[in-house]
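Enquirer: Taken from TrEMBL, the feature region 'Disordered' applies to 1-31, 45-77. If you look up TrEMBL, you'll see 52-77 marked as compositional bias 'Polar residues'. The feature transmembrane segment is assigned by TrEMBL to 150-170, 176-197, 226-253, 265-283, 290-312, 342-366, 378-397, 424-448, 469-489, 501-521, 533-552, 558-575.
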Amino acid sequence: MSLEKTARNLDPTTTRSFDESSNRTSLVQDPLADVDSPVRRWIAIEPPPQSGFPNDTNVSAGRSPMPSQGTMTSPPSFSDSQFGIIFRRQRMRPADNSGIKHNTTFPSRFINLTNSFEFAGWGSVTRIKLSSQDYVVGETRIQSLRAGKVLGQFTASALAGNAVLGSVFYALPAVVAVGGIYSPISLIIATLVLFLWRPIMEELASALPISGAPYTYILNVSTKTFALVGAALLLLDFSSTAIVSAATAATYLSGEVPSLPFPTWVGAILVLAIFTFVSLMGVRESARIALAVLSLHVLSMIVLILTAAVHWGRVGNDQLKANWHNGRATSDNSAASIARQIYYGICLGMLGLTGFECTPSYIARIKPGKFPQVLRNLHIPAIVLNTVMMLLLIALIPPETILSGANVLSVLAQASGGRWLRTWIVVDAIIVLCGGVLTGILAACELLEQLTMHRVIPKVFLRVIPKTGSPYVSVLSFIAFCGMLYATAGASLTVISEMFSLVWLTVMSLFPVSLLLLRFNRGRLPRSPRTRLSIIVFALIVAPVVFAGNIAYNPKTAGYFLAYFIGIVVFFSATQSKVQLLRWLYWVYDQYPVLHDWRASMQWGEKLISYMRNLRRQPVCILVKTDEINSLFHMILYVRKNEETSYLKIIHFYEEERGGIPSELEANSKILDEAFPEITVDLILVEGQFNPVNVAALSHHLDIPQSLMFMTCPGPQFLHAIDEFGTRIISL
């Protein structure tokens, strides 16, 4: 039988006795009890009223019936014993909740520090009523959040579109190098593969329309540690997007103007610097600039395609036939060899889709319902542009020219339309590739904002320029990181590009993984559309297959990828585990008693202790609906495993006319406060409805960011938009 337990606080000097004549349980003073004992409490845990006792006065009074069989001298049967009452004594809790939940049974791991350092203070129970000022602030925050959705389908498409459609300038030669005459086949297959990812990304975006994805997806469906792995991949991906775009733009410029007074790597740095300034103008202005750049690029590509098609019609198929015969003559024509060429071409052809993964990172800026259109606007042009351009290159340009490292599209423009078209295409290449830099910067800023709100990196990253709202610390830090990455790669575009392909594939694999975890761990989240499981599994198969192909073609790429990836993961892990690392540092310091005698080192040790305590005093809230102790326990367990804090607040919104406060919430919070001596567990009862405005108002009242408020998974009938709460979902 499933039993729901209830708890009541009883005076420590009373016990229960059973009156057989009246079949009632009464409270009796214990004559041996110490009446001067300060604040000891007994908790009696008993079942709720059971059915089957229609004439029992205890049932009508709301008390549990006594066993129907057995006496005070004979033990009850198993079926009756489940109705027994369990008594346990709570630990001594000061009346004013002061002091530490000190446990003297466990020794301290530190020589010169008592084990009270390991324990937190007692929790309290508080009822609050939000003020009108709190409501004003809460309403303002929600309105500001809604007003921030400024990007329509075209402006949102433009931010990522410059990276997606601009990749044609550096992806085509790489595909020809491995795919040869079969490159058009490889490229069209590579671009069609994204049909697997689009429904996956749409379902995730409808369930969790939160910027910083897929980091924020993983954070809400799995552990914070796994989410930080995703964040490391994203940061590496965004920086690679910016560097490859800037370096390719500089390469195009130096190829057309050999007499430049500076090397190519200086040109790449200049491009990064220029678009750093553009990104500081704010998201709205950056999106408008990106749309203008993308419009120019689309127009340029249309002109080039039409001109090249006309030129093909004039010159005929001679070059195409020559390329075909030369390709077959210089390679093994067996089925296995052809399949290998096409396979490697597909693997490297994925470079033509880079930038697609940036779109969910700024989804909170996109107007509701526009995200599927944004994905469509990026995908269809990418299919057409990549495959048609590849076919025109194979039909009109000799393969040795394509592979010579020349600016292939400018060569195609020269052959098709003359010098004027070549100049146009070079200018377009430089501009649109610079737009790819802007894509990387803006996507990285959204990610860094999320990492800051989740206490992974310092709050200074949230500082913005008042006039534009641009997070200048995030922008400048990201550009500095890009410069460092470019420098450590020896300013080599080849090294960064090879690593980029693996990073992109790994990031794309996070989307089907996130959706699988969402369905398993947060399956109740309302979302639409629903992706078939077979599509998710197929995407999970395709990603590692293509990943393996890139490594098989050039194993060195795995070395570059792992070196940078491990470095970023170690950095994020260190920032996430600051208190744990400091504890180890203090332990080492504590092993040398002489350091406690020197004034300088002693002060340093005291500052270290103070810093650790301050880090752990950042409160975290869990928003609860039920008093079920199992649910509360698992939520607190999540906090202990994923957040470095010793201060937790259980928040419950209640309305008297809708049932009031769950009867056992206070008692269970006290049990949990004792069960976790290293965490202060407060219970805060808030009068009001559970909605985004009230949560934002409470955040202002408690001075706790909404990003540090956690909740259970809402169901299909939930009335509010989940992104407006700004909270994290941590349970099923």
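Note: Cβ is positioned from N, Cα and C throughout, glycine not excepted.
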Enquirer: Who are the chain neighbours of the transmembrane segment (290-312) in space, where the CB to CB distance is under 8 Å and they lie at least 6 residues beyond its ends?
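Expert: Residues 154-155, 157-159, 161-162, 165-166, 168, 381, 385, 388-389, 392, 395-396, 409, 412-413, 415-417, 421, 424-425, 428, 431-432, 434-435, 438-439 contact the transmembrane segment (290-312) from elsewhere in the chain.
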Enquirer: Output the single range from 176-197, 342-366, 533-552 maximising the number of Cβ pairs under 8 Å to the transmembrane segment (501-521).
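Expert: It is 533-552 that shares the most Cβ pairs under 8 Å with the transmembrane segment (501-521).
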Enquirer: Given pairs 6 or more apart, does the transmembrane segment (342-366) have at least three Cβ pairs under 8 Å with the transmembrane segment (176-197)?
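Expert: Yes, these stretches are in contact.
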Enquirer: Which of 150-170, 226-253, 558-575 shares the most C-beta pairs under 8 angstroms with the transmembrane segment (378-397)?
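Expert: The stretch with the most close Cβ contacts to the transmembrane segment (378-397) is 150-170.
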Enquirer: Of the listed stretches (150-170, 176-197, 558-575), which one yields the highest count of Cβ-Cβ distances below 8 Å with the transmembrane segment (226-253)?
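Expert: Highest pair count goes to 558-575.
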Enquirer: State the residues, same chain only, that lie 6 or more residues beyond the ends of the transmembrane segment (150-170) and have a CB under 8 A from a CB inside it; answer 'none' if no residue qualifies.
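Expert: That would be 241, 244-245, 248, 252, 283-284, 286-288, 290-291, 293-295, 297-298, 301, 351-356, 358-359, 362, 365-367, 370-371, 373-374, 377-378, 381-382, 385-386, 389, 407, 409, 429, 432-433, 435-436, 438-440, 442-443, 497.
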